[in-house]
Structure formats: C-alpha cells, structure tokens
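Participant: Have a look at this one.
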Amino acid sequence: DIEIFTISKFLKDYILGFLDYETPKVMVVRNRNLGVIYRGVQFLVITYFIWYVFIKEKAYQDFESGLESSVTTRMKGTAVQGGLVHDSEEYAHPSEGFEVMSTTVRRDVTHDQRQATCAEHFSVPNANCSEDSDCREGEVDFDGHGPRTGRCVPYYDQSFRTCEIQAWCPVEEYAAVREPPLLEAFNFTIVIKNAIRFPKFNVSRANVKDFPKKRQLSQYLARCHYHAVTEPYCPVFRLGYIAQRARQDWAELCQTGGVIGVFINWQCDFDLSTAKCKPTYSFRLLDTRKDLPTAGYYYRFAKYYSRDGVESRTLIKAYGVRLDIIVHGYAGKFGLIPTIINSVTALGSVGVCSILCDWILLTFIDKDEIYSNKMFDDSSKDPVQPNSTAFTIVSYGSNHSDLSEGVAL
C-alpha cells in the first residue's frame, strides 16, 4: 500500500508540475566580462545571418535548379592535308550536332581489306606457330581478328610464321597507314547554341545575343569569337582556345585524342533584370591521360565499296577531340515563405546568446548561488494566504532585479 501511495503521489506531482506555467524573469547583472561575451556572441550571430545567410546565400529567395535545356552544335573550318582539302563533312561527327561532337585530328587507314584468309598478327596470344598442330581449327581468340583455319603460314614479311585466320585481310595492325595529325584543326571553330528555361519562374534565356533580324545574327556569328568580358554572348569557340582553357597541349591531343567537357553554367538572380542572366563557361579534360593504355579517344568506321565484283572496305581508326557539352544552372527570386522561415530562425538563434550567458553565469560566476536564488522562484514555497481572493500589483520604479550591489563578483 505504501508503494502504491508513493507511486500515485509521484504521478500526481508530475502531472501537476507538467501543467505549471513558467514566466521569464528579467535580471540585470552588472558584470563587464559577461556583458562583453553576451554582446560579442550577439554580434557574431547577427553578422552570420545578415552577411552569409541573407546576402551571400540569398536565403530570402526561392530557388530552382531543374532547368530545361537544349544544345545544338556546328563545326566550321577547312584544312589541307596530302594535297586534299578536308571540310566539316570529313572530320565532324555527327554532322548535325548534339550535346556531344567529335573532331577527327588523326587517322590510321587500312586500305583494300577483303574477306579472305591471312596470317594473324603476332601480338595476339598464341598466334605464333611452327607447324599446323600449333593452330587449332575453329578456335577464336577474342583479342584476335577471326577464327583460325588450322594452318600455320608465313607472316606477311616472310620472317616468321603465325596461325592463319579467316577475316578482313590484311589485318589492321600490319597494314594500317598512319597519317600525320591535323594540326590545322587548332583554328577550327565550333558554334554551341544553348537555350534554357526555368519553368518555375517561366523565364527563358539563350547564350546568343538577340537581334531583330536573322541576317544580323548570321553576320555577328561570322565575325565574333567568345570572350568572357567583351563577347559573353558569342557562342563561337576555337578548338585551340578550348584545349588551352582545359590546360592541354594541342600537339599531344592530336596524337592520342581526348574528351573535353564544356560546362555551361547559368546562375541567375531574377530579382534583378533578366538581361543580367548570362552563362559562364569552363573547360576540363574528362578522360584519363598520360601513360595509361586507355588514354585518349578514338573510334573505328569503314567505307565499303566493290572492286572487281568483290566487296572491299577501307578501315579507318580515327583519333578525335570529343566535346561533351554539359549544362548546369539555378535561379533565384524573392519568396515570402523562405524569407519568413529564415528570419524566424535568425531571431531564435539570437536567443541562444542568453542561454550561453546564463550557463556561464550559473557555472563559473555564481559560486554562492546568489544569482540562482534570484533567477528561479518557486511560488509553491510561498506562504499561502487563505482569505485572499484578489490581488493588486503596485510597481515602484523598474521591474528589473538589479544585483549589482551587495554581491561580490
């Protein structure tokens, strides 16, 4: 029974205490050190919210980063190599232009390949042989060029022997002719047109300057080149300029090829004029480089034709500079809801200063519990006036407690 009574008393006191109402009590503590800490923390909190949150991060704005984007590209330029003139149809792929475009800067060409039997290249594993028993008929090596016929035949220059295969002959590694790099591609130009739209704010922008007539736009694009300061709305870039901004050596790039990312970044503040919403460009090499076996960028394609009634082809291994156009962007505009939320957060954070100073006061300064006795009043300990049914508050002077006198600080 005693335990039940104790538990019920505890629950009763807890419930009644939970329903108590607490009011803050203002107490003035004249302590220079504590005052400096209080104002200093207040200054840091207010400075943080005003400078960083509202000015730098623009927390009063509503943001959107899911922009809609369209990119079209077009390559321009001509070059002379081996007495032949190459235009954009020869080196630009794809010719119609998308977010990805590559320019052929070097080629390894294997002429007059036909379906026949010939010697496998000596670099293929287990391709070298001394007799027919070293070559298993029908065996296919995935690093090779075709199935083996079971015969061991002299290599193309008759210096040794390898297994015979059925494939497009002669094999590329033996018969390919390396053409010199197209260094003149340094001055080729690429036109990158980018149109974007922020659906949340219903604002559309483009990276090309607006002209009243299409003819004026064509004339402008024919003579301008991009410059971050003087020509920010000219979408015409030289390949050499892109390679330089990506910190790549053009001669080395022409030997191995490479993938360069063209990053178009839109950062727009629609509280200002939409005309100030213009793109910035950055360039970076995306593929691995140097001595890695996968360094560079290349692809193969073939041109087929018939000679003497036999299907033949010219195999081309093309090394290219590939451009990946990647568009990022976000926009901001004043919004009432984020402004209210961040303002309330700022005001609440200022209250942390009082909590910090109260902790310092009660922990390090109030050794004799003088402040704690003045700060916390429990009305339940006051003597009860049974006949009092009304009360009157008379205020004389300040309603603040001033503990500056009679207390050793």
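Numbers run from 1 along the shown chain.
Each Cβ is built from the backbone N, Cα and C atoms, and glycine gets one as well.
Straight out of TrEMBL:
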TRANSMEM  36-55  transmembrane segment
DISULFID  CYS118-CYS169  disulfide bond
DISULFID  CYS129-CYS152  disulfide bond
DISULFID  CYS135-CYS163  disulfide bond
CARBOHYD  ASN187  N-linked glycosylation site
BINDING   THR189, LYS317  ATP binding site
DISULFID  CYS224-CYS234  disulfide bond
DISULFID  CYS268-CYS277  disulfide bond
Participant: Quick one: which of these disulfide-bonded residues, CYS129, CYS135, CYS163, CYS224, CYS234, CYS277, have their CA within 10 A of CYS118 (disulfide bond)?
Facilitator: CYS163
Participant: Report, as a single number, how many Cβ atoms besides its own are within 10 Å of the Cβ of CYS152 (disulfide bond).
Facilitator: 19
Participant: So for CYS118 (disulfide bond), how many other CB atoms are inside 10 Å of its CB?
Facilitator: 24
Participant: If you skip the near sequence neighbours and keep only those at least six away, which residues in the chain come within under 8 angstroms of CYS163 (disulfide bond), Cβ to Cβ?
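Facilitator: Once residues fewer than 6 apart are set aside, CYS163 (disulfide bond) is near ALA119, GLU120, ASN126, ALA127, CYS129, ASP134, CYS135, ARG148, THR149, ARG151, CYS152, VAL153.
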Participant: With every protein chain in view, how many other Cβ atoms are within 10 Å of the Cβ of CYS277 (disulfide bond)?
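Facilitator: 18, counting other Cβ atoms within 10 Å of CYS277 (disulfide bond).
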Participant: Test of understanding: give the count of other CB atoms lying within 10 angstroms of the CB of THR189 (ATP binding site).
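Facilitator: Other Cβ atoms within 10 Å of THR189 (ATP binding site): 17.
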Participant: Considering Cα atoms only, can you say which of CYS169, CYS234, CYS268 is the nearest neighbour of THR189 (ATP binding site) among these disulfide-bonded residues?
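Facilitator: Comparing Cα positions, the candidate nearest THR189 (ATP binding site) turns out to be CYS234.
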Participant: Is it possible to get the count of other C-beta atoms within 10 angstroms of the C-beta of CYS135 (disulfide bond)?
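Facilitator: Taking every protein chain into account, the count is 22.
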Participant: Which of these disulfide-bonded residues has the least crowded Cβ, counting other Cβ atoms within 10 Å: CYS129, CYS169, CYS224?
Facilitator: CYS224
Participant: Return the residues near CYS268 (disulfide bond), defined as same-chain residues 6+ apart in sequence whose C-beta is under 8 angstroms from its C-beta, sorted by sequence, else 'none'.
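Facilitator: Result: PHE198, VAL203, ARG205, THR274, LYS276, CYS277, GLY329, TYR330, ALA331, GLY332.
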Participant: Just to verify: the residue among ASN187, CYS234, LYS317 with the fewest other Cβ atoms within 10 Å, which of the recorded positions is it?
Facilitator: ASN187
Participant: Expressed to the nearest Å, what is the distance separating CYS224 (disulfide bond) and the residue listed as 'N-linked glycosylation site' at their Cα atoms?
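Facilitator: Distance (Cα to Cα, whole Å): 14 Å.
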Participant: How far is it from CYS234 (disulfide bond) to ASN187 (N-linked glycosylation site), counting Cα to Cα, in Å?
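Facilitator: Cα of CYS234 (disulfide bond) to Cα of ASN187 (N-linked glycosylation site) measures 16 Å after rounding.
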